[in-house]
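Beneath this line is the structure, given in structure tokens, with notes to follow.
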Amino acid sequence: MTAPNSEERKACWDSRDLLWKCLDDNNDSVSSCQELQSQFEAKCPAQWVKYFTKRRDFLKFKEKMQTESFKPAEGPQEES
Amino acid sequence: MLALRCIMGDLRGGGRLLRNLHRTPVCPEGRQVQLSRSRPQRTHTRLLSGGPGSSGARLKLRVRLAVTLLFGSGLIGAWWYVYTEKQQKLQRQRLEQLRQVALGQGTFSLLDHRGRRRTKQDFLGRWVLLYFGFTHCPDICPDELDKMSAVVAALDGDASLPPVQPLFITVDPERDDVPALARYVKDFHPRLVGLTGTPEEVKHAGRDYRVYANPGPKDEDGDYIVDHTILIYLVSPDGLFLDYYNRMKSQEQIVESVRNHIKNHVALNQSRAAV
């Protein structure tokens, strides 16, 4: 399997950006961006789809950490 | 500083001490002695130089002053020369020490994207920007290689600088053979050289610059992503690691840094050649 060339890379990144924008606008509801999701999967290698999906989660998490303060998960409640 | 004080002392003395200067050339130690010794001489001079002979004495005073200034500036010059010599020697020693512990002491022998065998010796004497990556890389490698290409192009625009050689060494020898690299490098700077080899050769090349690379799990297509060090390295003409640039560094920052490194390096080489 050959690696994507520069045009294929660009096509993949463009479809990714469109999908991410749609997800941002629609509060991350996958159903309203179904069309773009399938285009994204068609234009990018499967590994890249996985990578970019994880990357988006990471970027969102990072943004949350930077804008909101860190809230530790609530531990088990002590029974009184 | 000692020499300067010496001259100031002389000037304050109004040049009266000048007469003794040639007798006692070692100024700092001699100053106090001169002061005490010169008093009777001064009265002596006054007595002798009265009336018509006074203009001649003033002329002499000027000559003495000039001689003192010459002598003083000579002392300062000599001191300055010795001082800078010593500083340069210390700097050279320090550079030599740093050179001995720098990364990139080893060598590599890899195939370039045209199938020719290239060793590190082929690139000695040139400034090198080096990036490790792989052609199936989703976004970071192309971004960084674009940035590196733009940096090289910007440096090419400065006629006072020698051309910088961009290198790309794969961390994925399993998939990145010579044709794959040939396809890949043509998307970037025209001078970019792609390098590959056997897994051992590639690992050896990376180890020299402490590069980490770890292929991830394969999917059903046999595709995988390699997690790896994403730094651009600046390698000096003697093949040693000099600086690195991470993703946060902009193209302009890298250009500025490389330019400074090249200019300073040249200056140091010249000072070494002069000694």
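Including glycine, each Cβ sits where the backbone N, Cα and C put it.
For the Cu cation site, TrEMBL gives B:C137, B:C141; the one candidate out of B:H204, B:H228, B:H261 that the record lists there too is B:H228.
In the three-state DSSP assignment, the secondary structure recorded for B:C137 (disulfide bond) is coil. A distance of 10 Å separates the Cα atom of B:H228 (Cu cation binding site) from that of B:C141 (disulfide bond).
Of all the disulfide-bonded residues listed here (B:C137, B:C141), the one with the fewest other CB atoms within 10 A of its own CB is B:C141. DSSP gives B:H228 (Cu cation binding site) a strand state.
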